[in-house]
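J.: Before anything else, here's the structure in question.
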Amino acid sequence: MKIEEVKSTVRTQRIAAHSHVKGLGLDEAGSALQSAAGLVGQKAAREAAGIVVDLIKSKKMAGRALLLAGPPGTGKTAIALAIAQELGNKVPFCPMVGSEVFSNEIKKTEVLMENFRRSIGLRIRETKEVYEGEVTELTPVETENPMGGYGKTISNVVIGLKTAKGTKQLKLDPSIFDALQKEKVEVGDVIYIEANSGAVKRQGRSDTFATEFDLETEEYVPLPKGDVHKKKEVIQDVTLHDLDVANARPQGGQDVLSMVGQLMKPKKTEITDKLRMEINKVVNKYIDQGIAELVPGVLFIDEIHMLDLETFTYLHKSLESPIAPIVIFATNRGRCVIRGTTDIVSPHGIPLDLLDRLLIIRTLLYSTSDMEQIIKLRAQTEGLQLEDPAFARLSEIGTSSTLRYAVQLLTPAHQMCKVNGRTQITKDDIEDVHSLFLDAKRSSKHLSEKNNKFML
């Protein structure tokens with residue numbers, strides 16, 4: 001008896017800062033639970049985000065923008081990722097950081113537009129007519145060559161297909177005969193033919209012939225069920241950026257010159273507005289015909305204060321364009337100078353005319369009990385065991401410094417606990433790593449005390 005151990009094909013992913021976030025943690029009425037789906041506290045912000053999710057699902061939020069504003073470490077990025085989790089895989093979600101727009105290769109506005117187009121999905125529904133079955137007959141019909149001479153040409157191909165429900169005889173175009181020869185189709189093979197494109201696919205040999213030979217390399221497949229002629233609906237999800245790239249960079253030939261030409265091209269090519277307008281026309285035509293459906297997704301721009309005045313102006317135009325996604329901004333700044341100017345001070349570093357277009361969600365600082373719950377969640381995600389006094393001490397450290405610093409102490413404390421031969425992290429382990437690794441406040445205090453010892 002042979003027993004094989006099956007290895008999992010699921011990709012192992014690193015435990016990141018927001019691995020524990022699984023959703024917004026709302027009940028059926030849309031009210032936030034104290035601790036659910038990886039989020040703790042921030043009830044008002046989560047309830048507001050829940051309303052936004054409902055609007056996105058009902059397609060009533062496209063072309064509008066949202067701002068998550070609050071101090072550092074209050075869960076702005078976590079709420080944005082929770083929105084993405086609630087929307088699911090079918091709605092495009094494109095995260096980026098404000099500083100990503102600055103590139104030596106392409107313009108700032110081009111980077112923004114690329115990400116805008118990445119956030120807009122297109123769901124294309126295509127009905128394919130398929131003939132599927134076991135080949136019972138394959139007869140090419142020859143005629144005299146119309147060009148004269150002694151040669152003969154194939155005028156059509158007669159093919160018989162059988163399924164569990166019945167049989168059908170088809171008269172096919174001579175071009176399909178070449179495809180049949182390429183696939184090496186014989187009587188007894190199970191094939192399917194696409195009616196629209198004429199594509200032929202050999203699925204394998206019918207399992208009724210399985211006992212024909214002792215040594216056989218064939219793959220045997222069962223006789224197809226249902227009718228010979230079937231209709232299949234194929235749904236394809238693409239983004240507008242995928243269409244832009246496919247049309248901006250058509251594939252070259254296979255010869256050496258074209259391959260060298262592709263290597264010589266710059267890394268990034270700007271997609272022209274003219275091309276985008278042409279693609280929009282085709283997309284609109286598909287939508288009018290009912291072939292395709294537009295799926296407005298979410299563009300999440302973190303650290304929005306890193307954008308400058310030119311990009312903010314471009315955002316006005318992009319948000320008011322007919323095809324626009326839902327844009328979520330996040331910032332941890334109060335009143336500060338707008339980047340790209342010298343003296344214009346504005347709330348969150350965003351111009352007032354753009355702020356006027358935004359719905360603002362505020363995030364508040366966590367209480368000590370909330371911090372303790374978050375640290376427990378993180379410890380559970382990372383598979384660490386802590387004693388209750390250790391959790392209490394970490395939440396105190398988080399309150400006096402930042403939540404991020406308290407969470408970052410977990411892994412070094414676990415290492416310290418392993419060195420001491422224990423399985424549970426104690427309060428002493430936390431104190432040890434707290435004294436070894438400084439937080440920003442203690443480091444700046446140390447810097448101000450010993451300022452004359454450092455180089456200017």
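The first residue you see is number 1, and the count goes up from there.
Cβ coordinates come from backbone N, Cα and C, glycine included.
Quick paste of what Swiss-Prot says about this protein:
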| type | residues | note |
| --- | --- | --- |
| BINDING | G70, P71, P72, G73, T74, G75, K76, T77 | ATP binding site |
J.: Excluding G70, P71, P72, G73, T74, G75, K76, T77 themselves, which residues in that chain have a Cβ inside 8 Å of the centre of the Cβ atoms defining the ATP site?
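T.: Filtered neighbour residues, in order: N332, T363.
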J.: Could you tally the C-beta atoms, other than its own, that fall within 10 angstroms of the C-beta of T74 (ATP binding site)?
T.: 22
J.: Mind telling me which of the binding-site residues G70, P71, P72, G73, G75 has the densest Cβ neighbourhood, counting other Cβ atoms within 10 Å?
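T.: Sorting the candidates by Cβ neighbours within 10 Å, the top entry is G75.
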J.: Looking only at Cβ atoms, how many others are within 10 Å of the one on T77 (ATP binding site)?
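T.: Total other Cβ atoms inside 10 Å, all chains included: 17.
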J.: If you skip the near sequence neighbours and keep only those at least six away, which residues in the chain come within under 8 angstroms of K76 (ATP binding site), Cβ to Cβ?
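T.: Once residues fewer than 6 apart are set aside, K76 (ATP binding site) is near L68, A69, G70, D302, A330, T331, N332, T363.
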